[in-house]
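A.B. asks: Structure incoming, see below.
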């Protein structure tokens with residue numbers, strides 16, 4: 001899913017955050033991490049969501065059947081208590097299964113989160129080095145390292161449950177904003193290419209549930225939601241300084257260039273190459289022909305063919 005998600009987000013744009021003009025990937029470039037997006041992405045969604053739903057529902061049915069409500073409320077880890085009660089000497093399976101599930105979730109988060117930074121850098125909203133990939137492995141190493149550093153900084157807090165509440169609220173807020181953006185684009189730009197297109201009924205239903213849960217969260221925990229919004233708004237001055245402010249001093253541009261060069265050497269990364277398709281090349285040739293002046297002299301090869309055709 002991480003690789004499929006990477007193929008679905010991001011395209012090249014103006015690079016405001018960093019100085020200097022450097023080659024960047026084109027809008028149709030996915031640097032080879034997935035094939036046949038139109039078939040594989042819906043297949044991954046339609047298989048994973050019912051499968052995960054099935055496992056979760058029947059796991060909870062098993063917990064409720066085997067344990068009393070008092071045991072469920074008193075347990076810090078319901079799955080572990082369930083294993084100790086029913087599995088006997090094989091109770092160690094449950095903690096290991098939980099650990100493997102956790103590592104799997106972290107692996108998926110690393111794929112998706114790093115690709116979000118990667119796509120943001122390609123749009124010019126983050127330093128350009130985050131849009132680079134390894135010269136041999138084609139992995140976004142700077143984006144992965146940035147994800148690792150930001151995760152370690154968030155783990156400095158002593159109260160992990162408060163951190164989960166902050167991050168969960170911000171993530172849920174942006175999920176809804178993203179879905180709403182898809183509806184707005186369908187309305188304002190109905191003719192843009194859409195490799196995967198679904199009925200608008202599904203995002204509308206999602207937004208209805210999203211709005212209900214968001215309002216309930218704001219009403220039940222206004223302090224936590226307010227702090228989460230404050231953390232999110234700290235990105236506004238960063239946006240104005242890094243993206244909106246285009247005419248930066250030369251010393252700052254030189255420092256960013258030096259930092260980018262050092263990061264490239266340390267991580268052995270470059271910008272992804274842009275491989276145009278034959279159809280794109282034909283379109284570009286047609287545009288060039290249309291832009292040529294009418295009184296332009298005939299090329300030597302065309303001139304020879306014209307002279308041979310004349311009697």
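Backbone N, Cα and C define each Cβ position, glycine as well.
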A.B. asks: TrEMBL lists transmembrane segment for one of the ranges 141-163, 256-278, 279-301; which is that range?
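C.D. replies: Of 141-163, 256-278, 279-301, TrEMBL gives transmembrane segment for 141-163.
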A.B. asks: For which of the residue intervals 111-132, 199-220 does TrEMBL record transmembrane segment?
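C.D. replies: The listed stretch tagged transmembrane segment in TrEMBL is 199-220.
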A.B. asks: What stretch in 86-106, 141-163, 226-245 has the biggest tally of Cβ pairs under 8 Å against the transmembrane segment (169-187)?
C.D. replies: 226-245
